[in-house]
Amino acid sequence: MAQLSFNAALKMNALGNKAIHDPTNCRAKSEGQMMWVCSKSGRTRVKMSRGSGGPGPVVMMSSSTGTSKVVSETSSTIVDDIPRLSANYHGDLWHHNVIQTLETPFRESSTYQERADELVVKIKDMFNALGDGDISPSAYDTAWVARVATISSDGSEKPRFPQALNWVFNNQLQDGSWGIESHFSLCDRLLNTTNSVIALSVWKTGHSQVEQGTEFIAENLRLLNEEDELSPDFEIIFPALLQKAKALGINLPYDLPFIKYLSTTREARLTDVSAAADNIPANMLNALEGLEEVMDWKKIMRFQSKDGSFLSSPASTACVLMNTGDEKCFTFLNNLLVKFGGCVPCMYSIDLLERLSLVDNIEHLGIGRHFKQEIKVALDYVYRHWSERGIGWGRDSLVPDLNTTALGLRTLRTHGYDVSSDVLNNFKDENGRFFSSAGQTHVELRSVVILFRASDLAFPDEGAMDDARKFAEPYLRDALATKISTNTKLFKEIEYVVEYPWHMSIPRSEARSYIDSYDDDYVWERKTLYRMPSLSNSKCLELAKLDFNIVQSLHQEELKLLTRWWKESGMADINFTRHRVAEVYFSSATFEPEYSATRIAFTKIGCLQVLFDDMADIFATLDELKSFTEGVKRWDTSLLHEIPECMQTCFKVWFKLIEEVNNDVVKVQGRDMLAHIRKPWELYFNCYVQEREWLDAGYIPTFEEYLKTYAISVGLGPCTLQPILLMGELVKDDVVEKVHYPSNMFELVSLSWRLTNDTKTYQAEKARGQQASGIACYMKDNLGATEEDAIKHICRVVDRALKEASFEYFKPSNDIPMGCKSFIFNLRLCVQIFYKFIDGYGIANEEIKDYIRKVYIDPIQV
């Protein structure tokens, strides 16, 4: 076939699937050849010929009767004494002719790789330069610092930090407001602008700026009532600012109904604060500068951090300095003004938050493998400051916050650090609701996203993680439904994490989603908006795009090799099976370039396993399966003369492949591993024989019997052993069983495969006469149970298995190569994806098609 464009080839394939995969043929052979032809109701020996008109219907000449029959593409009338089933799967979407048309400049040109290498160096420099944190200026906080007074030599007051006042004077935006010009949030602009106007008015300067700022505030105050959500502690801080503005004679509409409502709300909070004066962190620290009139300044000093700040907040610290004259407060603020050039950020230091956020960002973008050492250094730093109380933005933070703590829990656990989920209990009230930090009764949306992602990594019986999940999932789903935030990037992230939690998130799919929604001008919100330049970073995004496309180009070359092998081996002509080369390749979930040999071996073996599964389920008789299995046990191709030719061909292709891959294993491991490799294959085919015996006898096993057999026949054992031996790490004989069958983690992943598969395939299998499934076996054991009861039970079993598998994966094991362990563990991902909605292997032309296109076919625009 001549080379077509990719889209043309895909279109032709879609139109031609039925004809190419005629279910009446086992293997399509040349005219005049003798062959077995297998229909869904039987098998016969035929000679291939065509009518005199040239291309047209196939005429099959029976060697036993001499009769002929024209077979249409839907015919299934060839009958003998051996009944056959047909699953009627759709054809291969990504067959040889489609994949071979793929072209990409990212493989041939060295320019892209050279630029990627340059970016890696620059981002490593960024890691190495991490200190106490890099963060954008805050007009709100700088204005508070500008308001601090000192006594001059003549006894009059003057600004103690004139550089801060100068910054406020020089940084008004064109619309009269202060803030981050590219991002408008009403609460943010009102806080920044009102306090800036106050600072200028206190020192009777910047009259033009005050006039413009006042006009902006007056126009926008009326819009507050339309806001769906106010920024954290806005109802405490903003009314206090308005009181100060009114005292200074700034002309604003103070009698607006919503402003009165805010003032009433604040008064109620002040009453609560006064009643709980001994519990200062729980009620004051997050909005300290909004509580001046009820503050006991002597008591508050015991909550000062080592660096002199209060909750790392320049605004709160400036307020304390104004009321106490504390020198440590002065030193903290003065150091910030020097560091940031006359202004201050909304919080400092942020050394823990910045390191965790940078690592999380890098890994989400799919480029973490370039920075393994830098990530380790960053996380070692965070772990040194980890506390069972949780952590805050910086190492000296006295009050932990949920966002940093949950992010720390997730990131540290992902990298094998010993951290307890009990730390989350510090952010939960008696009703099971979580809050952002001590003293707050609300929770920020971003904190809930991080909490949800942390709960993904739950181990068995971790109550704190279960509580986090119960709280976070409905909260996020409700946020999506009600659109309580206008932050597009955050909403896209919420959509992804809710739809594809950790046990369902293929790394390349996650990277593609994150890259597509990445905003290199992203802002976060505390009291006001802020940026972290290490995260709002175009270099990270550029590298992620280049890296994705470069790796994708390698994957395309591998897919070309694999589809070519599938075709040249003759397996593409076997028509009782699903042809799923690209789907099996996707299932490995291992994308790194150095694991090319692993992916190729896994895909070749996995494709044959799909074929064997269909052969056992819908084609072979029990005697044929036994003969096939005997050939596997004896490692002998001469025992197969009694089975159909197509089964003989499948055996020979498999036999040759295993021998070839074993030769590659010998080169990596330095010894012959065939004895290890044969064991899981024998177990695998023995289970198929057992299943067929049960089927032919009409026996439905108990749930326990079912799992012992069917969790093996799902096939992870034979399709993973050789691939992990090709990962470049030496695997000792005694370690094989620790990472592979019968290790706990391996059995748990296999269990999740088997049962998740059952929830989406049992009805089709039942229609074919295959009664045994996890659902049927559970119902047999539990009389009166419905299919719905069985599926709920199976989902609970799978959930438990995934938690236990996580525990086994993160459990320290110095003798087990981490790459091998990760390969086995990551196989849990694809089954959750493939069987999320439907049987994704049987019906791969819907959701799975889109995954494959995004990961392997469509490059990212650079």
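Yeah, the Cβs are placed from backbone N, Cα and C, and that goes for glycine too.
What Swiss-Prot annotates here:
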type    : residues               : note
BINDING : Asp613, Asp617         : Mg(2+) 2 binding site
BINDING : Asp613, Asp617         : Mg(2+) 1 binding site
BINDING : Asn757, Thr761, Glu765 : Mg(2+) 3 binding site
REGION  : 45-66                  : region 'Disordered'
MOTIF   : 613-617                : motif 'DDXXD motif'
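Swiss-Prot feature annotations superimposed on the structure.
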| residue | record | contacts (Cβ under 8 Å, 6+ apart) |
| --- | --- | --- |
| Asp613 | Mg(2+) 2 binding site | Ser713, Gly715 |
| Asn757 | Mg(2+) 3 binding site | Val714, Val831, Tyr835, Asp839 |
| Thr761 | Mg(2+) 3 binding site | Ser773, Tyr835, Asp839, Gly842 |
| Glu765 | Mg(2+) 3 binding site | Asp617, Ser773 |
Residues outside the motif 'DDXXD motif' (613-617) whose C-beta sits under 8 Å from one of its C-beta atoms, at least 6 past its ends, are 85, 87, 89, 576-578, 625, 628, 647, 650, 688, 691-692, 713, 715, 765, 768, 770
How many of the residues that make up the motif 'DDXXD motif' (613-617) does DSSP mark as helix, as strand and as coil? 5 helix, 0 strand, 0 coil
Is it possible to get the count of other C-beta atoms within 10 angstroms of the C-beta of Asp617 (Mg(2+) 2 binding site)? 21
When pLDDT is averaged across the motif 'DDXXD motif' (613-617), the result is 93
